[in-house]
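A.B. asks: Take a look at this one; I'll ask things after.
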């Protein structure tokens, strides 16, 4: 039976890759709703190609722009806007599958709505689990939703794990691989001079600017550890991080009998997306087959926590529990935005997050509203810290 998709965040890199896979298999997948924040022109192009029933954007002005262009082209797609519209298309009877690819905390409410509606959820939004892991996973279980991870690392672990729960499958630990980003071998003393363009030049993956910066600081890997804790039900001390510069092995599962299972593939997000879309079947993703002889060598090393303090901060937040992970995520989003706008330097990202975690008292959240309140409080603190920070050095010519 054909799957009907709501694609949250269709104009981002995950959205592009998802629609590429969808276009290859029109007999398997159709699109009910596409959503974007303010990239109206790209959304119009997608709507004209995939003919969704509904399109959602962030504000009224963008909605008017998109609607006018679609009407002029003869499209019948209904254009909505605002946070509630995101929730509505995520729980609508018009779709059975929700691809959650909105970056940041804005993706939490629609992802949670999809879980409470019992949808098949392809999760690429880390924040739903980082901010409110217990609440989200309870909703998945209580409402019969199906959760399929799309992040390459978590999808790799999913493929290497038994279908039973981890505690019944003889699993010793899971190992998330990380490329190390663009600064793995750079002299630590020079990181203070890093520019946004340098931080966004990932050596292997094509990603958006925010997640590229998170990869450069390795905050992305820290968030993935927290995400893995909730998806697979393992404590933090059974989740390792391993630097693997080639990005060929996407993650590994270590078993009690000494076996280690790994999932390999070329670094292309269409592979995990196609796996999750078609699961339990396999379909062509448009990705070249891996040529191990050409790669010839795979290398590994332990992460340098002094070089990547954001990774250490994320692991600490997971250990502390409570609202710490939500505060970590909120402070990081504010700090990364400030860095991309050249209001703070690269190393100030970790310093800002650390200051917020040390200032905001930790507590056990009392429901989703409390999580969102902690998120807002952490954002205010981060903004205040950044406002007092010294201006970054003048960007050098490269």
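Keep in mind that glycine also has a Cβ here, set from the backbone N, Cα and C atoms.
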A.B. asks: Hey, Swiss-Prot has Mn(2+) bound by 151, 153. Any idea which of 53, 198, 224 it lists too?
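C.D. replies: Answer per Swiss-Prot: 224.
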A.B. asks: Which one, 181, 208, 222, is listed by Swiss-Prot in the same NADPH site as 11, 12, 13, 14, 38, 39, 125, 127?
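C.D. replies: My reading of Swiss-Prot gives 208 as the candidate in that site.
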A.B. asks: Per Swiss-Prot, which of 143, 202 sits in the 1-deoxy-D-xylulose 5-phosphate site along with 126, 152, 153, 179, 215, 220, 221, 224?
C.D. replies: 202
A.B. asks: Within 10 Å of residue 125 (NADPH binding site) (Cα to Cα), which of the binding-site residues 151, 153, 202, 220 do you find?
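C.D. replies: Correct set: 151.
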A.B. asks: Any idea what DSSP makes of residue 153 (1-deoxy-D-xylulose 5-phosphate binding site), helix, strand or coil?
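C.D. replies: In the DSSP reduction, residue 153 (1-deoxy-D-xylulose 5-phosphate binding site) maps to helix.
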